[in-house]
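Trainee: Below, the features straight out of Swiss-Prot:
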BINDING   HIS110, HIS113, ASP120, HIS211  Zn(2+) 1 binding site
BINDING   ASP147  Zn(2+) 2 binding site
DISULFID  CYS44-CYS264  disulfide bond
DISULFID  CYS187-CYS235  disulfide bond
DISULFID  CYS216-CYS223  disulfide bond
REGION    234-262  region 'Disordered'
SIGNAL    1-19  signal peptide
Amino acid sequence: MKKWIAGLLALIAISPVMAATPWQQITHPVAGSPQAIGGFANGCVIGAMPLPLESADYQVMRPDQRRYFGHPDLLNFIHRLSDKAQKNQLGTVLIGDMAMPAGGRFSSGHASHQSGLDVDIWLQLPKQRWSQQQLLKPQPIDLVAADGKRVVPALWQPQVENLIKLAANDNEVTRIFVNPAIKKQLCLDAGADRTWLHKVRPWFGHRAHMHVRLRCPADSLECLDQDTPPPGDGCGAELESWFQPHQPSAKPGKTLPPPLPPSCQALLDNHFAAE
């Protein structure tokens, strides 16, 4: 236990952007009834399941990184979405990062994806299935123009819009994060049916993928949901504010990660005490 505490203190003393985290040392899901615990950016998951790597409807990228775990609700969503994509002849759905076996904080790449309810899905739908080499070293397609204000017309495909719309219309989905330029294009193309657009939220990056987030499962009593997105389609002043010049702010100082939810801390303590 002393070694574990000393190791943890050493870890949190490093900048959280680059620090290794103890969650990476948990290589298998924690047994128990599935529970998403805490918030999306400060939580963990019990009873996570691995997304099957073999499917006719989707492919999992970078499987060597073992970020393909999630709450069963997330796996069910991926199956629903990829099945609908196939039935609509959109192409193969490319699955990016989900969560680690017990959730928790990544060393890099994500602040969220911690409670087993987030998944990155790439905004390209290949007609031909990718080879194992392509899956291990996938090449994203940047859909956003260099000025950040619009998508690249030659790269924008109606199948991508249809995929986002299918995801947004899923009852378990609460938010889909995309680049502001992608949200802008969706607003232009949506037509009369705009009810799904309020779930699509502009956010930094996300130029080649969408980040889908599910609601807390009803039986995950320690899971913390976000507030519901504002009413409306989000295509007005809120969206335009993303394209306005921003005044530079003071460089933020280094911050330590917030305290873990007690159940997540207990999970870590029990895991390392057993080693």
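Heads up, the Cβ atoms here are built off N, Cα and C, so glycines get one too.
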Trainee: When the number of other CB atoms within 10 A of each residue's CB is tallied over all shown chains, which of the disulfide-bonded residues CYS44, CYS187, CYS216, CYS235, CYS264 has the maximum?
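Mentor: Sorting the candidates by Cβ neighbours within 10 Å, the top entry is CYS44.
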Trainee: If you count the C-beta atoms lying within 10 Å of each candidate's C-beta, which of the binding-site residues HIS110, HIS113, HIS211 ends up with the smallest number?
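Mentor: Selected from the binding-site residues HIS110, HIS113, HIS211 on minimum Cβ neighbours within 10 Å: HIS110.
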Trainee: For each of the binding-site residues (ASP120, ASP147), count the other CB atoms lying within 10 A of its CB, then report the residue with the highest count.
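Mentor: Neighbour-count leader: ASP120.
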Trainee: For CYS216 (disulfide bond), what is the secondary structure by DSSP, using just helix, strand and coil?
Mentor: coil
Trainee: Rank aside, I only need the closest one: which of the binding-site residues HIS113, ASP120, ASP147, HIS211 has its C-alpha nearest to that of CYS44 (disulfide bond)?
Mentor: HIS113
Trainee: Nearest to the residue listed as 'Zn(2+) 2 binding site' by Cα, among HIS113, CYS187, CYS223, CYS264 (recorded positions)?
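Mentor: Comparing Cα positions, the candidate nearest the residue listed as 'Zn(2+) 2 binding site' turns out to be CYS187.
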Trainee: So among CYS187, CYS216, CYS223, CYS235, all listed as disulfide-bonded residues, which is physically nearest to ASP120 (Zn(2+) 1 binding site)? Use the C-alpha atoms.
Mentor: CYS216
Trainee: Using Cβ atoms only, which residues of the same chain lie under 8 Å from CYS223 (disulfide bond) while being at least 6 residues apart in sequence?
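Mentor: Spatial neighbours, sequence-distant, of CYS223 (disulfide bond): GLN35, ALA36, ILE37, GLY38, GLY43, SER115, LEU117, CYS216, PRO217.
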